[in-house]
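Q: Right, I'll just put the structure down here and ask away after.
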Number of protein chains: 2
Amino acid sequence: MTSDAGTLRNTHQRRAVSSLLGSVEGFHSAQELHSMLRDRGERVGLTTVYRTLQSLADAGEIDVMRPPGGEHLYRRCSQGHHHHLVCRSCGSTVEVEGPAVENWADRVAEKHGFTDVSHTLEIFGTCQGCCRS
Amino acid sequence: MTSDAGTLRNTHQRRAVSSLLGSVEGFHSAQELHSMLRDRGERVGLTTVYRTLQSLADAGEIDVMRPPGGEHLYRRCSQGHHHHLVCRSCGSTVEVEGPAVENWADRVAEKHGFTDVSHTLEIFGTCQGCCRS
DNA sequence: GCGTTTTTGACAATCAATTTCATTGTCGGC
DNA sequence: GCCGACAATGAAATTGATTGTCAAAAACGC
């Protein structure tokens with residue numbers, strides 16, 4: 001669609017994964033996405049799901065989250081750099097931005113002589129709905 | 001609800017792991033620590049190393065880092081909440097603090113109605129030494 | 001010492017993720 | 001439209017860190 005690495009071919013599996021990611025809310029594991037594809041009647045191998053997710057992540061089209069003690073979760077997110085506020089209980093997520101944090105991280109890294117800087121940041125908590133129950 | 005530290009027994013394996021962590025620099029995986037113990041002549045099972053590291057982490061005595069695509073790394077860190085600036089190439093780490101970030105994370109979470117908030121933050125980059133080579 | 005309770009550790013099990021490799025599908029060129 | 005090179009696929013096998021099992025050993029209180 002958008003990204004074209006030159007050697008990438010346009011297969012129905014790739015389109016299926018990409019399209020699925022566009023139509024679901026929240027984060028899902030590769031295995032969940034694989035099941036969803038099966039439920040939709042698409043036959044896409046689990047291997048291909050992993051590979052496609054990886055290439056999409058490399059291309060920056062999806063976000064990967066690594067929750068403590070769980071499998072990798074993937075989600076199509078709004079473009080641009082942002083972070084996630086995640087409910088420990090129900091898994092619902094909110095995208096948050098913190099320009100100040102970005103700057104701080106870059107400044108700190110630079111101060112210590114580090115270059116080519118990136119960072120990961122996730123906020124975990126219990127959301128209102130889950131807190132009540 | 002919290003771990004009952006009153007029933008913990010003082011075994012030589014527990015002491016060996018704890019002592020080892022006090023004498024090594026940087027982050028190490030459970031398997032590395034297990035090898036080091038063997039080199040030291042201590043006989044401690046890998047299972048026990050994992051269990052001990054887990055309980056130490058639960059007690060807040062060591063920090064756990066989960067680098068992308070790697071195993072869990074453990075390190076005895078200075079007390080108190082802090083984050084890490086990690087070199088992608090050589091793995092060297094710098095402890096950094098960012099009170100402003102802590103506050104920001106808490107505020108953002110609170111604003112969205114989240115309670116019991118925690119967060120993870122790691123900064124990755126290439127350190128001066130590795131940048132040159 | 002003695003009995004109780006925790007801890008240990010060799011091995012098996014788990015499970016996400018990756019690799020393998022023969023087969024299939026794409027796509028540019030004709 | 002057809003061909004052929006080559007990327008892509010996918011089922012099964014593999015990997016590798018981590019966890020579970022459970023009998024035996026160690027620590028602690030008395």
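Heads up, residue numbers simply count up from 1 along the chain you see.
Backbone N, Cα and C atoms are what each Cβ position is placed from, and that goes for glycine too.
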Q: Given that TrEMBL annotates B:His81, B:His119 as Fe cation-binding, name the residue from B:Glu61, B:Glu95, B:Glu102 that shares the site.
A: B:Glu102
Q: Take the binding-site residues B:His81, B:Cys90, B:Glu102, B:Cys130 and keep those with a Cβ under 8 Å from any chain A Cβ; what remains?
A: none
Q: Quick one: Cα separation, B:Cys130 (Zn(2+) binding site) versus B:His81 (Fe cation binding site), in Å?
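A: Here the two Cα atoms are 28 Å apart.
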Q: Least buried of the binding-site residues B:Cys87, B:Cys130, going by other Cβ atoms within 10 Å?
A: B:Cys130
